[in-house]
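Lifted from TrEMBL, the feature list:
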- 1-42: region 'Disordered' (REGION)
- 21-31: compositional bias 'Basic and acidic residues' (COMPBIAS)
- 55-77: transmembrane segment (TRANSMEM)
- 87-143: region 'Disordered' (REGION)
- 102-113: compositional bias 'Low complexity' (COMPBIAS)
- 116-134: compositional bias 'Basic and acidic residues' (COMPBIAS)
- 201-227: region 'Disordered' (REGION)
- 268-543: domain 'MYST-type HAT' (DOMAIN)
- Glu444: active site, proton donor/acceptor (ACT_SITE)
- 527-547: region 'Disordered' (REGION)
- 528-540: compositional bias 'Polar residues' (COMPBIAS)
Amino acid sequence: MPRRKRTAGSSSDGTADSDDSGDHEKTDSSHSEANQRNNTRLTRASLRLSQSSQVVLISMLFFLTPLHVYKMLFLFLDAPPDVKLAAERDESPPRTPTGNAPSSESDIDISSPNASHDESVTKDQKDSGSDPSHRPKRRRFHESYNFNMKCPTPGCNSLGHLTGKHERHFSISGCPLYHNLSADECKAPTPRQVRYKEKVMEMRKRRDSGLTKDQKEKYMEHRQTHGTTREPLLENITSDYDLELFRKAQARAAEDLEKLRLQGQITEGSNMIKTILFGRYELDTWYHSPYPEEYARLGRLYICEFCLKYMKSQTILRRHMAKCVWKHPPGDEVYRKGAISVFEVDGKKNKIYCQNLCLLAKLFLDHKTLYYDVEPFLFYVMTEADNTGCHLVGYFSKEKNSFLNYNVSCILTMPQYMRQGYGKMLIDFSYLLSKVEEKVGSPERPLSDLGLISYRSYWKEVLLRYMCNFKGKEISIKEISQETAVNPVDIVSTLQSLQMLKYWKGKHLVLKRQDLIDEWKAKETKRGNNNKTIDPSSLKWTPPKGT
């Protein structure tokens, strides 16, 4: 029997089953088509999103300035170590404090340096209710790394701070160099240094308050037995800590001296005279003097203050003083006013005395080279008299026949009479002799440091006195030189140092500065009647005619 064809819409069971299966097939195919369309839409959307993100990223990189790049770099450098390690291990986008990936440029904090910290809080943080105070504080780029600002103090590299709490400074108020300090000196003491200081203070408090009677007797016995040939006993004089430091310094100094001796920079007997006993004074020497070797190796030299003979011990000096008949320098007394006298000593007639005077002067002068060849010179020795004799104050020497008209070859004031006006008296006396000779004088160069200071002070005083008494309209350097016997070169140098010499329209003009003159007048009034001046009327001297 032929099989009947199935038609749609039949009411039989077979017909219903076939219709249901056809409906399921149609539904599955419609679902697959819908999913395919949705996937196509998603693919297209993702492509558009990726293209838009690339455009945004390119635009961001295009508009980023070097300042933003530096800031992002240093923000990474300022991050804690654990954050750095995490960033190195995980190359995923950075997370915000809430744990979310940044959704915009504001979350990465590449805003301008002038933006405040509150503006960097993201919208997600506000929505999530996170507190910005819990966010780790990051130093702003313009606060920590400022490459444009620097300290205005010349020669300063902006390192260090006056308070010692900062590594850099940008103003004079915090500049160590401006306050004559170094960056290391301004650093606050470390805890280790503080503990060490407290330990030292505690050790110094432990020492005894003073010496006992037995210890004093022991020290006095040691001093009487050994005198200055041994070091004094130092126990219980200070704390054990300070005594130990002193011993270490002694050992180090001795080692350095030994190295210098082995290198040949120090020889036996050179500059070994440390002190001299001269009359009532014990004087510390300043420089080496070429005394004979048997005297030069002594630590102390004993010198007669009248004849200038040098001796090895105080006993010999005491015996010499009992027999010495000299009470003043040899030669002619050419000046006397009150207790001050000046003696003219010829180097040819009194050779031994002049040689001893040169050896004594070399102990306090650095540039002196004249010791034994004293015959071509005259020595003018200034003394101060009392009931025991005429005591040496100072002296100056001059050549008998000077081709360059030097009125002083060497000048010295004894250390016990320095800063009392005697040096200026010696200089004034040398120019007084030049006036009598009707010559213009000048000291021989080079001058010592103290000599240069004394001469500049004297030249300034002479010029200001001349300006004060001058009543004319035009000042001539030649006239000043003729009246004061000062060399024109010295006058010009002094006027330049006083800013009283100007060059105007091809001529040199001497300016009369009234402020300096008034200042000099005030000093003269305050000084009053001073006996430390040379009176020309007290001079009894005629220029020598020949050698």
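Here, residue 1 is simply the first one shown, and the rest follow in order.
Glycine is treated like the rest: Cβ placed from N, Cα and C.
Under DSSP, residues within the compositional bias 'Polar residues' (528-540) fall into helix, strand and coil as 3 helix, 1 strand, 9 coil.
Long-range Cβ neighbours of the residue listed as 'active site, proton donor/acceptor' (same chain, at least 6 residues apart, Cβ-Cβ under 8 Å): Tyr406, Val408, Ser409, Cys410.
This prediction places the mean pLDDT of the domain 'MYST-type HAT' (268-543) at 89. According to DSSP, the secondary structure content of the region 'Disordered' (201-227) in residues is 19 helix, 0 strand, 8 coil.
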